Amino acid sequence: MLKNINPTETQAWADLTAHFETAQNFNLADLFSADAQRFDKFSTTFGQDILVDFSKNLVTEETMQKLFSLAEQTELSEAIKAMFSGEKINKTEDRSVLHTALRNRSNTPVIVDGEDVMPAVNAVLEKMKAFTERLISGEWKGYTGKEITDIVNIGIGGSDLGPYMVSEALAPYKTRLNMHFVSNVDGTHIVETLKPLNPETTLFLIASKTFTTQETMTNAHSARDWFLAEAGDQAHVAKHFAALSTNAESVSEFGIDTDNMFEFWDWVGGRYSLWSAIGLSIALAVGFDNFVELLEGAHEVDNHFANTELENNVPVILALIGLWYNNFHGSESESILPYDQYLHRFAAYFQQGNMESNGKCVDRNGNPVDYQTGPIIWGEPGTNGQHAFYQLIHQGTKLIPCDFIAPAISHNQVGDHHQKLMSNFFAQTEALAFGKKEETVRAEFAAAGKTEAEMAELVAFKVFEGNRPTNSILVKKVTPKTLGNLIAMYEHKIFVQGVIWNIFSFDQWGVELGKQLANQILPELADDKAINSHDSSTNGLINAFKAFKA
C-alpha cells in the first residue's frame, strides 16, 4: 500500500522552502549566461524519437536535487512498485490500478487477488482484433447486407475523451471507417451526429462499464430508436450495436448480442481506459495494428518509469518541476500547448486526466490538506493560442508554466507551413524565457525614428519581463507509438505528483454529488408545479425554467 507521508513534514520540503528564498529570484537569462552547458544538463531524450528540454525552467541542479530528495522521502519508488505489482493503491474503492497491464506487451504476469490478469487481457485484445478486422474489411454486414461505413462511439468521460483524442491525433492512419463520438446528454449532440448517417451502414459502440451511466444510456436508447425507426425489427439491433461493458444481462436486454460485448475490469479507471476495450473505437479508426503500436509506445514508457532511477526518469522530472511551481512559486495552472493540429484534444484529455486525479483536498489519512494539490490544466493548439490567450502568459500577472509539444516531421508537408509553425514553436519559448528589455524596445523605437516623447508613452507596454518557465517536448513525428509514449508520460507524471501530495489519485468522488442531486431534481421537472424544496436560488432557477418552457 501507499505510505501516508505528509510532504510538508519532510526534511526535503523544509530544504526546498529555504532554497526558495533564493530561487524565487532566479532569472533565466542569468542561468543561461552562467552555464553554457545548461541545455545539455537540463534536457533528456526518450528513445530515439522524443526530446524533453526542461532547461527553460526556474531551477538549478541544486533545486532538482532537493526535489529528488522530496520524491525519495515520500517513498515514490516504493509507490511505483506498488502500482505495477497490483497492490490495491486505490484504497477508497479497494482496487488495484493496472492500466499498465492493458499495454503489458512483455506479457509478464500481473497478479490481482492471486490471479494473473494477462490471459484475460490478451483474450479481450484477440476478440477486439477479430471484430475490428471484420468491420474494416467489410466482411461484417448490416441488416440489409451493406458494409458498415460509420462508427458512432457513445460514452462520456474516459469512455469518450481518450478515444476521441487518440482518433483525432492519429487521423493520418485512418481506415475506411468514419468515426463519430457522442457524449453529451444534450440531445443536440446525438441529433446532429446522426443527421448525415444511414442506419443501414452505421454501427454503434455503447461504452459503459455498468450499462447504467445516465448520459450514455440516454444517448444509446435514442440511437436505438433512430435505428429502429428505419430498420423496424428489434432483431436487427444485434448487427448494428456492440457494447463495451461488464453487465451482460443489461447488454442482452438492450438487444446486443453478448458475443459483441467487450469487457474490462474494475482495476481500469475511466480516465485510463483507452488502453482497454474502451479503445475499440481507436482500433476501428486506425486499424488494430496501429492500436497495438499505441500500446507498445505506452509500454516503453511504463518500463522506463518502473526501472529508471529518479534522476533520469522523464515522468518524475516533469512531475517534480510542476510541483515546484505549484507548491513553491504559487502557480495555479499549467498550459499544454501542442503545435500539431491533430493533437487539438490533447490538453482537454489531460484536463480530465490531471484534474479528476489530483483535484483532491483530503490526504491519504483522511485529513484536510493544508497545501496545494492538483493544478488547473488547460490549453489549445499553437499557433491558435498565440492569437487568443498568450498575451496573459507573456505579460499578465499570473505565472503559468507551459508545456510546448511539436513534431519535427509533419504528416502534411504543404509548402512552408511546417517551418512557419515550428518557427513559432521555438520563438515562443525563447520569448517567454528571455523577454524583451526596455533598452531593446528603446533601440527599436529609435531605429524607427520615434521621438523621446513617443517612446515615453509606449515603452512600458512593449517590455516583456520574460522569466516565464516552459518545457519543450520535441517529437520526431506523431505516430501511434510516439503518441503512446506521450500519453503514458503524462499519466505517470500525474501519478508521481499524487504520491508526493499524499492523496488518492485514482478515485473521483467529486463527480458524485452533482449526479445524486440531478437524479433528485429530474422528477421535479416532469410537470409545471412550482418547486420550493431547494434553496431559494435553485427553486428560482427551476421555476423560471418551467415558466420559460410553458
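Every residue, even glycine, has its Cβ placed from backbone N, Cα and C.
Straight from Swiss-Prot, the features:
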ACT_SITE  GLU356  active site, proton donor
ACT_SITE  HIS387  active site
ACT_SITE  LYS515  active site
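Here the features listed in Swiss-Prot are placed on the structure.
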residue : record                    : DSSP class
GLU356  : active site, proton donor : helix
HIS387  : active site               : helix
LYS515  : active site               : helix
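Here the Cα atom of LYS515 (active site) is found 15 Å from that of GLU356 (active site, proton donor). Neighbour list (the residue listed as 'active site, proton donor', Cβ cut-off 8 Å, at least 6 residues apart, same chain): ARG271, GLN508, GLY510, VAL511. There are 11 other CB atoms within 10 A of the CB of LYS515 (active site), with all protein chains counted. Sequence-distant contacts of HIS387 (active site), defined by Cβ-Cβ distance under 8 angstroms and a gap of at least six in the same chain, do not exist.
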